Structures are given as structure tokens and as C-alpha cells.
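S.K.: Feature annotation from TrEMBL assigns transmembrane segment to 12-42, 63-86, 101-122, 163-186. Per TrEMBL, the feature domain 'Fatty acid hydroxylase' maps to 110-244.
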């Protein structure tokens, strides 16, 4: 059965609306679950893992959700654009699992995440340039003490810079749509974990041969305080390579995780 022309106004609006429902649903589901588990249902079990003792500013969550809805709309528009590019044959998205072999599924995910990390690290450093910061990135840093709802709280310009990466990559890198869905889910969960302001990773995780390369709440919390360190998205390798990892990270991570009481 032939697909309809997705460039008609009806389909443009419908597809964008569907994407918006999916993206906002994913945002509220993931951020909501983490907030309920760590701040509502079991706060006493995780209180020693809280990185900042200061309270959230009045109205912070409402403001973060407002900006996040704008970001979700921008992501939805980018998603609609990607669908149109796919229909016109401009993307490398494929649906047959055997087209590139099963082995390629995790490989394409890893390649995408490494390229995404590289793009974001350098974009992030640029957004901290004094001439750019107040215009593009200040909205995100208004959440000095981060929360699960900070994850998508961006100025629209930053939202655009973040949204364009996926469609551009899908015109270059072959990816199965299952992998795309998995990647977007990883991105959301990772962002919520990094903004949770509660360190969920185990003690000495930052010394583990794999754990040392992953960003967590302690790592990203320092970025929101110190501004000139810890620019990564998923991984720490660019921060380590360019010597932009906070010198206070290891000490803070150790002091936060050594007092864990969740198992008691």
C-alpha cells in the first residue's frame, strides 16, 4: 500500500502532533519515575546521595517543564522533517534487520553515540562563550540545582541546535528504526540521570574501567556550578582529552557515594 504524501498540511500537522505526544510522554514518564522514586517514595534512602543541600527555587519545576515543552515541539518538528526526508529517499534509515546484518545494530548505536558526544561537547563549549551564553544557554543554567525536569529545559535556539543532529546523521549513517528508538530512549534516561542531583552510581564507579567514562549526576552537577568544566553528554572522554574535567569531581563523587544508606 502506497504511503500518503507526508508534505501535505494535514500529514505535517498530524505527524508533528504524534511526535509531540510521544516525546512529551517519554519526558514525563522518565523524569516522573525518577522524581517519584528518589524524591517522593524513597527520599530517606537516598538522602546521603543528594549532591546539593539547597532547596529548589520556587516555581523551578514549572519553568523547566515550560521550556521542555518548547524543546519537545522543536524535536517533534525535526522528527517530522526526518520522516519527510525518509519518504523522499534522503536518509539511510532502513527497516529490514538483515539489510546490514544483526551485528551492525549495536555498531551503529555506538557510532551514533560517539558522534553525538563529539558534536555536543564542542557545541556545549561554544555555548559557554560569553557572547553566546546569555542568548542560547543561560536558560538551561538557570537551573543551578538541577532536577529530573531540567533534562529538556533549553532555550529554543539551543533546542534547534540539539534537534538538527539526528536528521543530519540519518542522512549519513545507516540506522535501523529500532536503533533510533533505543538511542532516543537512552538519551532521555541519560539526561534525567545526569540532572537528578542524586548520585545513583555505586561507590568507586568512577574508578571502574567502564564507569570512569560515563557521566552521572555528580559529574554534571559540577558543570552547573563551575561552568568551565564537564561539558560532556554521555561520556567523559572529551573532557579527559581536553582537560576540561573538574578537578573536584573525584573528591565529590567519593564523598557522596561513601555514605550510601539505600541498602539499610
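Using the three backbone atoms N, Cα and C, a Cβ is placed for every residue, glycine included.
What TrEMBL says about a protein is an automatic prediction, not a curated fact.
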S.K.: Using Cβ atoms and a strict cutoff of less than 8 Å, what residues sit near the transmembrane segment (163-186) while being 6 or more residues removed from its termini?
M.R.: 26, 74-75, 77-78, 81-82, 85-86, 90-95, 97, 99-100, 104-105, 108-109, 111-113, 115-116, 119-120, 234
S.K.: Considering every residue in the domain 'Fatty acid hydroxylase' (110-244), what is the mean pLDDT value?
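M.R.: Averaging the confidence scores along the domain 'Fatty acid hydroxylase' (110-244) gives 97.
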S.K.: Looking only at residues six or more beyond either end of the transmembrane segment (12-42), which have a C-beta under 8 A from one in the stretch?
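M.R.: For the transmembrane segment (12-42), the nonlocal Cβ contacts are 6, 68-69, 72-73, 75-77, 79-80, 83, 147-149, 151-152, 184-185, 188-189, 192-193, 196, 198, 200, 262.
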